[in-house]
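Structure first, commentary second.
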């Protein structure tokens, strides 16, 4: 019984206290009459402007570098890169400042005429080269005689037939192949320019063998002199053939003849 009476009296006191106060602390805190706990909370617009989620009223505050450059007079003519970037992207009013590269290019170069638009610019004239020579065309007639002389061999160049040309392996005389020259230099130049050097040789196998003897005259030199030289060379070749050099060519190895003269057997 006693406990129930105490509880009822406590509840009655609390109800009377609430009726006596009735919103007075809230009104006092809003009017500034109550000491606010903690730091002062800014308004909602100020918070949004500080966080960047609300369009900021008034002009945008430039960075510190821009302010220092604007207050530091006299300053260089070209502003720093940070100032240029802020002027181009930070504040839209006012004429845009050209990039740093454009400013340097405009200040370093002398006044130049305006560059015409791309459709008005013409390509440079294409240079015309001289026609190339044909693969077998001879530019001058001086090389024609040299080609004829090389194609006919050393016999035609010297005018005297070699001694080895008259003597074969057995020592018998073989008729030399006649060399026919063209009637005019123009025809010879045309034929020499159109055919390879190998096709211009009118001689046969016997003449090529004589050419090889003349190139390697030290291997085919005769012991005797005069008219007996050819016979001595033939006898020497026969002796070499009997000694086991039959696999060679005129007493020499075939590969050696091929590398030195290019003719072979």
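Using the three backbone atoms N, Cα and C, a Cβ is placed for every residue, glycine included.
Quick look at what Swiss-Prot lists:
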- 184-194: compositional bias 'Low complexity' (COMPBIAS)
- 196-206: compositional bias 'Basic and acidic residues' (COMPBIAS)
- 249-265: disulfide bond (DISULFID)
- 27: pyrrolidone carboxylic acid (MOD_RES)
- 28: pyrrolidone carboxylic acid (MOD_RES)
- 31: pyrrolidone carboxylic acid (MOD_RES)
- 47: pyrrolidone carboxylic acid (MOD_RES)
- 48: pyrrolidone carboxylic acid (MOD_RES)
- 51: pyrrolidone carboxylic acid (MOD_RES)
- 67: pyrrolidone carboxylic acid (MOD_RES)
- 71: pyrrolidone carboxylic acid (MOD_RES)
- 88: pyrrolidone carboxylic acid (MOD_RES)
- 107: pyrrolidone carboxylic acid (MOD_RES)
- 121: pyrrolidone carboxylic acid (MOD_RES)
- 127: pyrrolidone carboxylic acid (MOD_RES)
- 153-211: region 'Disordered' (REGION)
- 1-23: signal peptide (SIGNAL)
Ask   = In sequence order, what residues of the same chain, 6+ apart, have a Cβ less than 8 Å from the Cβ of residue 121 (pyrrolidone carboxylic acid)?
value = none
Ask   = Taking DSSP three-state, what's residue 121 (pyrrolidone carboxylic acid) in: helix, strand or coil?
value = coil
